[in-house]
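Undergrad: Before I ask anything, here is the structure I am working with.
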Amino acid sequence: MASKIFLALLLVISVVATSAGNFNKDFEITWGDGRAKIINNGELLTLSLDKASGSGFRSTKEYLFGKIDMQLKLVPGNSAGTVTAYYLSSLGATHDEIDFEFLGNLSGDPYILHTNVFTQGNGNREQQFYLWFDPTKDFHTYSFLWNPRSIIFSVDGTPIREFKNLETKGVRFPKDQAMRIYSSLWNADDWATRGGLVKTDWSQAPFTASYRNFNAQACVWTSSSGSSCSSNHPTSNQSWMKQSLDATGQARIRWVQKNYMIYNYCTDTKRFPQGLPPECTIA
């Protein structure tokens, strides 16, 4: 009963954007030959995928730390073989990256939410989850909180994963490279659904994912001026810069990971026969 009550509370938690962004101003379509569209005066963005191509967009600004919120409604119905990626990334072989990827599935089967953190070009830190709702029926808020202390992934305000800054223990942490926001909808039926066993059903195309209510409380970085959060560019509210999980947040993340996590690299001893990555064993 307590678990059911907790789930009911999670379902009504939402992240309220302090000022919703405008896709015309804050983003640019990068590929897709017309398959990505910004509509409703910049309030809504849609990506589509057909057999010829997917589509994608990126932010016009780069960020070095921030709290990033985006509402997504994922591809409905038979989405097997498709991937909707929403992530932060820098460029180059030694890039940093913070990932949400939504792996499609057959009608009636749940989406898999795939998360990962790359530092200096190295990832291999996957955690995967089912969601406690149908992400195709309505918009839900997916958030990154990225500050010098940790990276917290949240869904509708509920934390699902934390990657702490353990540089003092020899674990790399993304803190020196500014990143843009990227998103794309693409065909990955060689691996996305049941390891590639289930292929994309192109008779269901076009596949469409929708985005709204982008919000960034973040440090904008430019090559000429550096970070907007530096001492030379004070901002009114940087409380997120020192934010970490409180006792309630820690309880929520434990609950989600107990009930909805389906893969954790930190428990995959077969994958790491020489020993688990150091962040997995540091208390």
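Cβ atoms here come from the backbone N, Cα and C positions, even for glycine.
Annotations for this protein, taken from TrEMBL, read as follows:
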SIGNAL    1-20  signal peptide
ACT_SITE  E97  active site, nucleophile
ACT_SITE  E101  active site, proton donor
CARBOHYD  N105  N-linked glycosylation site
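Map the listed features onto the structure and describe their local environment.
TA: Cβ neighbour count for E97 (active site, nucleophile) (all protein chains, 10 Å cutoff from its Cβ): 19.
Long-range Cβ contacts of E101 (active site, proton donor) within its own chain (separation 6+, distance under 8 Å): V83, T84, A85, Y86, Y87, L113, H114, T115, N116.
The Cβ of N105 (N-linked glycosylation site) lies under 8 Å from the Cβ of S79, A80, Y111, I112, T193, V198, each of which sits 6+ residues away along the same chain.
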